[in-house]
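Database features, via Swiss-Prot:
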type	residues	note
BINDING	83, 111, 119	Zn(2+) 1 binding site
BINDING	104, 106	Zn(2+) 2 binding site
DOMAIN	56-164	domain 'sHSP'
CARBOHYD	170	O-linked glycosylation site
MOD_RES	1	N-acetylmethionine
MOD_RES	19	phosphoserine
MOD_RES	45	phosphoserine
MOD_RES	59	phosphoserine
MOD_RES	92	N6-acetyllysine
MOD_RES	166	N6-acetyllysine
């Protein structure tokens, strides 16, 4: 039986991409999926790439999702903070930035001991007064930070368009 031996000094066509470390395929900061713990026939292929996170199973919802919305009458930020109690969260306004900070010390869960900390910053839109920003925490662990948008001053009016007979662009004189 013949055994193929690959010498390290021989470069193959896709050399950096055959590496078992899969550096380009790592999703840094994301939790592991169950499928990541088991090798499959496709993951053993040197050309296999893990699908992008937006195409994977909806377990990404469980990762501290943040959403910022600009509606007609208000600005809002929704942030999943279900692993934190209200005492472990701080919301501050510094100039035109909202800072959300959450931290809990090491504690035991079903897998062992864990501690968590995060910092998020959101720019406050120009038409939102920083003094009117409020925050609330829902029973399912979603922190909502919002503020009303300033209404345009004065009533809306339509401006008529007049037609002029002379051109706006005139040709430059020839030399």
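Each residue, glycine too, has its Cβ placed from N, Cα and C.
Feature map: Swiss-Prot annotations on the structure.
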residue	record	DSSP (3 states)
83	Zn(2+) 1 binding site	coil
92	N6-acetyllysine	strand
104	Zn(2+) 2 binding site	strand
111	Zn(2+) 1 binding site	coil
119	Zn(2+) 1 binding site	strand
166	N6-acetyllysine	coil
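Calculated from their C-alpha atoms, the gap between residue 170 (O-linked glycosylation site) and residue 92 (N6-acetyllysine) amounts to 56 Å. There are 6 other Cβ atoms within 10 Å of the Cβ belonging to residue 111 (Zn(2+) 1 binding site). Sequence-distant contacts of residue 104 (Zn(2+) 2 binding site), defined as residues of its own chain at least six apart whose C-beta falls under 8 angstroms from its C-beta, comprise 83, 84, 85, 88, 115, 116, 117. When the C-alpha distances from residue 119 (Zn(2+) 1 binding site) to the recorded positions 92, 106, 166 are tabulated, the minimum falls on 92.
It is 166, among the recorded positions 83, 92, 119, 166, whose Cβ has the fewest other Cβ atoms within 10 Å in the structure shown. Long-range Cβ proximity for residue 106 (Zn(2+) 2 binding site), meaning a same-chain Cβ under 8 A and a gap of 6 or more residues, is found for 113, 114, 115. Regional average pLDDT for the domain 'sHSP' (56-164) in the model is 86. Here the C-alpha separation of residue 111 (Zn(2+) 1 binding site) and residue 166 (N6-acetyllysine) works out to 79 Å. A gap of 57 Å separates the Cα atoms of residue 166 (N6-acetyllysine) and residue 92 (N6-acetyllysine). The Cβ neighbour count for residue 170 (O-linked glycosylation site), using a 10 Å radius over every protein chain in view, is 7.
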